[in-house]
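Per Swiss-Prot, these features apply:
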{"type": "SIGNAL", "residues": "1-22", "note": "signal peptide"}
{"type": "REGION", "residues": "23-114", "note": "region 'Alpha-1'"}
{"type": "TOPO_DOM", "residues": "23-306", "note": "topological domain 'Extracellular'"}
{"type": "CARBOHYD", "residues": "Asn110", "note": "N-linked glycosylation site"}
{"type": "REGION", "residues": "115-205", "note": "region 'Alpha-2'"}
{"type": "DISULFID", "residues": "Cys124-Cys187", "note": "disulfide bond"}
{"type": "CARBOHYD", "residues": "Asn130", "note": "N-linked glycosylation site"}
{"type": "REGION", "residues": "206-297", "note": "region 'Alpha-3'"}
{"type": "DISULFID", "residues": "Cys225-Cys282", "note": "disulfide bond"}
{"type": "CARBOHYD", "residues": "Asn234", "note": "N-linked glycosylation site"}
{"type": "REGION", "residues": "298-306", "note": "region 'Connecting peptide'"}
{"type": "TRANSMEM", "residues": "307-330", "note": "transmembrane segment"}
Amino acid sequence: MGPRARPALFFLILLRTVAAQGRPPRSHSLRYLFMGASERDHGLPLFEALGYVDDELFVAYNHESRRAESRAQWVLGEAHSQLWLQLTQSLKGWDHMFIVDFWTIMDNHNHSKESHTLQVILGCEVQEDNSTRGFWKYGYDGQDHLEFCPETLDWRAAESRALTTKLEWEVNKIRAKQNRAYLERDCPEQLQWLLELGRGVLDQQVPPLVKVTHHVASAVTTLRCQALNFYPQNITMRWLKDRKPVDVKDAESKDVLPSGDGTYQSWEALAVPPGEEQRYTCQVEHPGLDQPLTATWEPSLSNTLVTGVISGIAVCVIIFFIGILFRILRKRQASRGAMGDYVLAECE
């Protein structure tokens, strides 16, 4: 894995982690992803930023251009010029903050002469009841490093090497209060503004296409429930046995991933006893559905036909051999009868 792949992989893991932390249906999120490299040989600028609303990329910025650039049609237009002015100013400020933090972390690691990467993810979620949750995390060289705790205004170190930076940043209470104000006030306000701009696009709801497939490998029978082409990505999938929930520990689930066309996909698999497939049902809940959708595995016509043909051939083969055996027995009986008559006649 190359140097650039490591921060990209780190961001992918962070996105999944944040999304997996209990996001309820119909919630919305605003995320900013920052990354940078101390040397150009990593293929990254000193600072690069990407902004997402509900996991839809809408803005990009880098240290060289120092300008916010649109990545979505719904934020284009002269009417939104004020938005881009504010975004550019905010990202310039984060550009400066990121570089200062980068040098601080490198100095605390005695890495000033080496090439390293820094990654940051920050943002907020607004739930259906208008409650909010903020997050602000740092990763260094592709590993979790520091996380801001807005409730206590301190930093949580993910590794021992981060303790020096943690103690240094916790002295600056002004910055901690500014961070909390952004996560709890500014970020939710900006998210609501962006949701208004993206009305009709961001609030669309495409229900999932759900199907259950059957797989047999190494004497293990597995049912796989697939949810395809849905939007937004908030979805709940569970297995039921005789209409009762199955323990989640028994199921294997896949993270919700983009399909490449603006929709999402996911699946959940469950190993079941052979012959009991019809006792299991996949239940799916999604904002695009008026009520939970259920699906079961239905044997395909081709499988039924093949089974019938094989069974028919087997029956025919059995009947054929029984017929041959019957004829052989008849011939033997006839031969024995003829021999008996011959002997009796000779005795007379």
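Just so you know, glycine gets a Cβ as well, placed from its N, Cα and C.
Here the features listed in Swiss-Prot are painted onto the structure.
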residue	record	Cβ within 10 Å
Asn110	N-linked glycosylation site	8
Cys124	disulfide bond	24
Asn130	N-linked glycosylation site	8
Cys187	disulfide bond	24
Cys225	disulfide bond	27
Asn234	N-linked glycosylation site	21
Cys282	disulfide bond	25
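According to DSSP, Cys187 (disulfide bond) sits within a helical segment.
For the pair Cys225 (disulfide bond) and Asn234 (N-linked glycosylation site), the Cα-Cα distance reads 16 Å. The shortest Cα-Cα distance between Cys187 (disulfide bond) and any of the recorded positions Asn110, Asn130, Asn234, Cys282 is the one to Asn130.
DSSP gives Cys124 (disulfide bond) a strand state.
In terms of DSSP helix, strand and coil, the region 'Alpha-1' (23-114) has 37 helix, 25 strand, 30 coil. When the C-alpha distances from Asn110 (N-linked glycosylation site) to the recorded positions Cys124, Asn130, Cys282 are tabulated, the minimum falls on Cys124.
Geometry remark: Cys124 (disulfide bond) versus Asn130 (N-linked glycosylation site), CA distance 12 Å. With DSSP classes pooled into helix, strand and coil, the tally for the region 'Alpha-3' (206-297) is 6 helix, 53 strand, 33 coil. Per DSSP, the region 'Alpha-2' (115-205) is made up of 36 helix, 30 strand, 25 coil.
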